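Take a look at the structure set out below.
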Amino acid sequence: MDPTTSFPKDKIKILLLENIHIAAIKQFEEQGFQVESISSSLPEDKIIEKIKDVHVLGLRSKTKVTEKILSEAKRLLAIGCFCIGTDQVDLIEAEKRGVPVFNSPFCNSRSVAELIICEIITLSRKLGDRSTEMHNKIWRKESANCHEIRGKTLGIIGYGHIGSQLSVLAEAMGMSVLYYDIARRLPLGNSKMCPDMKTLLENSNFVTLHVPDTKETVGLIGEEEINTMKKGSYLLNASRGKVVQIPHLANALRSGHLAGAAVDVYPEEPSANCKDWECELQKCPNTILTPHIGGSTEEAQEAIGLEVSDLIVQFINSGASAGSVNFPEIALPVSPSTHRILNIHNNKPGVLRDINNILSEFNVSAQVLSTRKQIGYIIADVDSEASKEIKKKISSLPNSIKTRVLY
């Protein structure tokens, strides 16, 4: 069933930043939504200019959605993060304003894990340096300090969806796997959990990072941690740019303490492709530098585009909030011959009583409610004749944030 919405679909505006996959654009357009797609991220002032009449904002990892932006987004219904992380969005402020944030936590896990396997082999065989030499007309065939990865130990810091999938691939290549995570996680295959990060660093030939961007992970790998690693070992980071202290990594590579590194993320990254990017790690020996491409495969981006756009479409069309990272997750089957009312309110004592006092005056055919931290979210199906009056009464409640007649 596709009921007529109280707000015409062709009036709903979607703003997509950072080159969101065409699959998402098509999915939105098939719903009749207006879609504007921009290939790069935008600075705060430019987003504020555009967001005043935008209903859905889509982005990847570079765009920052701040309190200031959200305060200007008067019509914003939802935010879609077409990536794993959501730390680029002020989730608390979005929650306060009744704006759910959706993401895709699993779709690019395989792509990132495959990249790490590729880089482990490339580093172990010094393929990057050999390729550069050949392009510079230098033929150097040697086996010194080039090794198989079979029998080597991979240490994984962060054993979530990427880390655990990587452990399976690494074992299939003949590697032993150690892992460390602040949460106790069951091992896959023959991987072994370390009691602390120091133990992992001391016993790994390759150390790879798969942690979120939090206060605790900023500068997680610094001089002390790098010095704890085995001499001749390798460090790989495809998680977040601020996790590794770049100057100390560069020193360890130039001194020979580390035999190589692969870095895909950086403390500061350009908002779009450019030709003048600089980093201390440039010219370091046996060092792979890639421009944040861990999840940049056609397969991953298409899957992410479809998943996040589908979650947003479901929210706009039915109010279902499944998959939101900052919102109560509820859904209600569509009921014929009714109007659907959505209400987002402050999660305070007495609010539900006030809402139910209003609803009790009318014929309510179905209702569902859930709360999360600061807010509560209710979906109610009511007689069509009463929907406007109910909306007016609920909207006037002091703790009501948003009330919408969906259809």
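Backbone N, Cα and C define each Cβ position, glycine as well.
These features come from Swiss-Prot:
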- His161, Ile162, Asp181, Ala238, Ser239, Arg240, Asp264, His292, Ile293, Gly294, Gly295: NAD(+) binding site (BINDING)
- Arg240: active site (ACT_SITE)
- Glu269: active site (ACT_SITE)
- His292: active site, proton donor (ACT_SITE)
- 340-407: domain 'ACT' (DOMAIN)
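Structure coloured by features recorded in Swiss-Prot.
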residue: His161; record: NAD(+) binding site; Cβ within 10 Å: 18
residue: Asp181; record: NAD(+) binding site; Cβ within 10 Å: 18
residue: Ser239; record: NAD(+) binding site; Cβ within 10 Å: 27
residue: Arg240; record: active site; Cβ within 10 Å: 22
residue: Asp264; record: NAD(+) binding site; Cβ within 10 Å: 22
residue: Glu269; record: active site; Cβ within 10 Å: 13
residue: His292; record: active site, proton donor; Cβ within 10 Å: 17
residue: Ile293; record: NAD(+) binding site; Cβ within 10 Å: 13
residue: Gly295; record: NAD(+) binding site; Cβ within 10 Å: 26
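Across the residues of the domain 'ACT' (340-407), the predicted structure has a mean pLDDT of 90. For Glu269 (active site), none of the recorded positions have C-alpha atoms inside a 10 Å radius of its own C-alpha, out of His161, Asp181, Ser239, Arg240, Ile293, Gly295. In the domain 'ACT' (340-407), helix, strand and coil residues by DSSP number 21 helix, 31 strand, 16 coil. Whole-number maximum of the Cα to Cα distances across the NAD(+)-binding residues His161, Ile162, Asp181, Ala238, Ser239, Arg240, Asp264, His292, Ile293, Gly294, Gly295: 24 angstrom. Between Gly295 (NAD(+) binding site) and Arg240 (active site), the C-alpha separation comes to 13 Å. For His292 (active site, proton donor), the nearest neighbour among the binding-site residues His161, Ser239, Asp264, judged by Cα separation, is Asp264. In the three-state DSSP scheme, His161 (NAD(+) binding site) is classed as helix.
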